[in-house]
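**Student:** Quick one: structure below, then a few questions.
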Amino acid sequence: MIQLHVSTAVAVCSCGCVLSTNRRREATRAIPCNAKFAFDHVFPEQSSQLQVFQKTTKPILQDVLSGHNVSVFAYGATGAGKTHTMLGHGGEPGIIVLTMVELFEQLRQRSQEYETDLSVSYLEVYNETIRDLLNPSVGVLNLRESGDGVVMALLTKGNQNRTQHPTDANATSSRSHAVFQLHVKQTPRNSGTTAHVLTAKMSLIDLAGSERASATSNRGARMREGANINKSLLALGSCINALASTARRKPHVPYRNSKLTRLLKDSLGGNTRTIMLANVSPSYGTYDDTFNTLQYAKSAKNIKKSASAWRRTRPL
């Protein structure tokens, strides 16, 4: 069993491709100018998606192949570039696509040694309701020895079904949290020996952004969506703070306060290697949001947990 902490990385978005031109507001709180934060990685505006992937997600693919569960999620305010980071933008693939391409390449390299079974699920949490983005009547899809083209097609289909609406803060605002999961089972092809069957789950999560009604000018359905987004993110923050607590007697972790935190229970405190990508904007008008995001990332970095490989011994 391995002792580890949640790995944290901060990505500064390029405002021109993400933020709405209508989003202008002043910082409303006095925040210490000398605040300091330490993270595992920091990516400036000019960083490419490939650079972020190579430093954060690519190294943990070996953990998937070794039978460890892994989780990568993007957190930040609306318009800070989370969906851009996870799904890509303007022809530049995001973390999820780059991860699938690299993972399938590594699985191909092991194909003489292991037979691989895959299953895919793609869910969204919209207004505290969990929806299947692939096919509500089917659920988890089993893809025995499927190529990466099939998985990419499912990812594209799920993205097309995801709930998005424009707001004053973000012209393509995601109104739901999206959880893309790939289950990997590797069975050794060598017969006649006692072998370890390796199973792992990889979760790639694009969270909806926290937002303020005063900044978005939301009304009606958009306001309700924003309220539910904020409620679930508040529940997520409460779980992070509880898990990061250094008190001798650990506080209760309120996973049941939201559908989102129920889905992320394993990612936050379970037997999973986790990376948090904190997306922030360099704009002065989003100073409060940036500070809050960095505070959450700081707390997440303090989460200590154990991770062990899922191995099942089977005589072949």
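Backbone N, Cα and C define each Cβ position, glycine as well.
Positions annotated as domain 'Kinesin motor' by TrEMBL: 1-303. Among the features that TrEMBL reports, ATP binding site is placed at GLY76, ALA77, THR78, GLY79, ALA80, GLY81, LYS82, THR83.
Give me the structural setting of these features: burial, nearby parts and distances.
**Tutor:** Secondary structure at THR83 (ATP binding site), taken from DSSP and collapsed to helix, strand or coil, is helix.
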**Student:** Return the count of C-beta atoms lying within 10 angstroms of the C-beta of ALA77 (ATP binding site), excluding that atom itself.
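**Tutor:** Total other Cβ atoms inside 10 Å, all chains included: 24.
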**Student:** So what's the mean pLDDT when you look at the domain 'Kinesin motor' (1-303)?
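**Tutor:** It averages 82.
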**Student:** Output, ordered by sequence, the same-chain residues six or more apart from GLY76 (ATP binding site) with a CB under 8 Å from its CB, or 'none'.
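**Tutor:** In sequence order, LYS82, LEU207, GLY209, SER210, ALA278, ASN279, VAL280, ASP289, THR293 meet the Cβ cut-off.
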